[in-house]
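Reviewing the structure listed below.
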Amino acid sequence: MKKNILVSYLLIFGLSLLGFNSAFSQTQLKRTNTINACVREYIFGTPSSDEFVIVAFLCNNGGVANSWRPPQGLTELTEMLVIAGGGGGGKRSDSGNRGAGGGGAGQVIHITNPNQLQFQVNNAEEQGQPLSISVGSGGLGATLINVRAQNGENSTVSSPSPIFTNITAIGGGGGGSANSVVEGNNSNYNDQRRGNRGGSGGGSVGAYGTGASDPIFGGEAVNSALGNPGGRGRGNTSVTGGGGGGGIGGPGGEPDNNNAGGAGGLGRGASNGFYTNLLPSALPADIPRMFAGGGGGVAGNPGSGVGDAAPGGSGVGGNAVVSGNGQPGRANTGSGGGAGGSSSPLNAFTGGRGGSGIVLIRYDFARILPVEYGSYALDVNEQNRKVSLKWSTLKEYENDYFQIQRSINGVDGFEEIGTVQGQGFTNNVTNYEFMDEFPPLYSDRLYYRLVQVDFSGKKNVGKVLLAQLATPASQVSKWQAFPNPVRGSNLRVSPTEKNHLEGNEISVQLIHTAGRYSSSFQANSIMELNRLIQQELESLPTGVLLLKLTNAQNTEVIRILKE
């Protein structure tokens, strides 16, 4: 027997080494929800439960910012990545003697502090305020040699919630173009050879001719913590080189001996250890895993009209092209476009467009209130003086049970009057109902609420609902039985004054007047009293009954007719 156990253990251990772990311990992509052409949700979890969701915003639907409302009960996001559009690549001169700079990457903002990603949610039935999410487009590549490429557009995330931190990622700087006009100032942004400022700066083109040994600075990053500068352009009396656009992982490269353009700055992504919580390996291949590489620069050569082109950063920045359109930055990476252009035909080719940005958010189901409600209402039966609380759930996560609570004033003093078992985990609509069989007779206004309890014992209080009931006719008696006459066993007894029962044990004697039956028992609450009376009534024949109630304050006998 011990040998068999050892063999089984070794088999299980060996399978685990080969990757055959229990499916219940592995997180996997369970389903994908396509919200529209620009927004997709990826739900991850184990076979038995959902764990977290990645929401990818890939563009602006119809050119308008996306409006995304958090799921009901979600109080905060777990993580967010906001990347702006990359800058376009510059244009090489048509004669080929002057190069062009690559586009800079869009700014990258990565937030892992949930305190900056909170929503204002007052109760379990409310959704958080909607987020307005705009995804920046990539900047256009330069089409003329005397105008640099366009910057990428900003990506923004904002909410009306006063506790949510609005976010703006700055678009990448456009790459510098060849520009035959020499400004003579290597830091002047009026000089179209200089790459523009941006999330990461665009690459610049070197000066050409007399005094050309001074490099032209690359475009600056607006915030050096969230981007890098473009590569400097270099030149001499015979050749100019274009710098690469800056990337989030490093600055744009400088030309190599003026004969080759500078490479685009490096990007960041899952392959080098960044944003791994937002990029599970099971995400579809069209969701990038590397972001914000700079576009490559291209050199010029006045002798042959041929220079060398440099690659974009990290495989996502656009590659520069010696003769032709610069390659675009990869879509949804915020990467810069590569420099491009040609000597013939005139103005036929352009710099590459910057890659569009992206917004990725993650929220964990553990941060969502476990129940999403569909309906929530009261139904009052005046004839029988009963109150039915009805509700439905659209989905439940770790939902153990519901408490039903009742109060006289609706502010405090809520007491539990029953429980209803929850479904645990479900994405299906579930309908519930609880009947309050014994509303107190001393009040015509009663307040009810649900308290949802999850498996960990955490409680989430629902909104309060009011039930308006008819007030029974005034009685001298301290007790009232209702209905009377009664059919079956559904008799209810209630004090006619609020404080008549508090702190008192009730002794009960139930007598059938035909002398065939007598029973005695004690109760400590109105609910227990009615439950015991109904149990006794079930087995009694029709006829006249006497119900004797005794507590510390008085003794009273009520005559009851059972039909």
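Residue positions begin at 1 at the first shown residue.
Backbone N, Cα and C define each Cβ position, glycine as well.
TrEMBL annotations:
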COMPBIAS  178-188  compositional bias 'Low complexity'
COMPBIAS  197-207  compositional bias 'Gly residues'
COMPBIAS  228-253  compositional bias 'Gly residues'
DOMAIN    67-363  domain 'Glycine-rich'
REGION    178-207  region 'Disordered'
REGION    220-264  region 'Disordered'
REGION    317-345  region 'Disordered'
SIGNAL    1-25  signal peptide
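Within its own chain, the region 'Disordered' (220-264) is flanked in space by residues 86-87, 89-90, 92, 97-105, 107-109, 169-170, 172-173, 175-176, 178, 193-195, 197-210, 212-213, 272, 291-303, 307-314, 317-318, 320, 335-339, which lie at least six positions past its ends and keep a Cβ under 8 Å from the stretch. Across the compositional bias 'Gly residues' (197-207), DSSP assigns 0 helix, 2 strand, 9 coil. Per DSSP, the region 'Disordered' (317-345) is made up of 0 helix, 3 strand, 26 coil. For the region 'Disordered' (220-264), DSSP puts the residue distribution at 0 helix, 11 strand, 34 coil.
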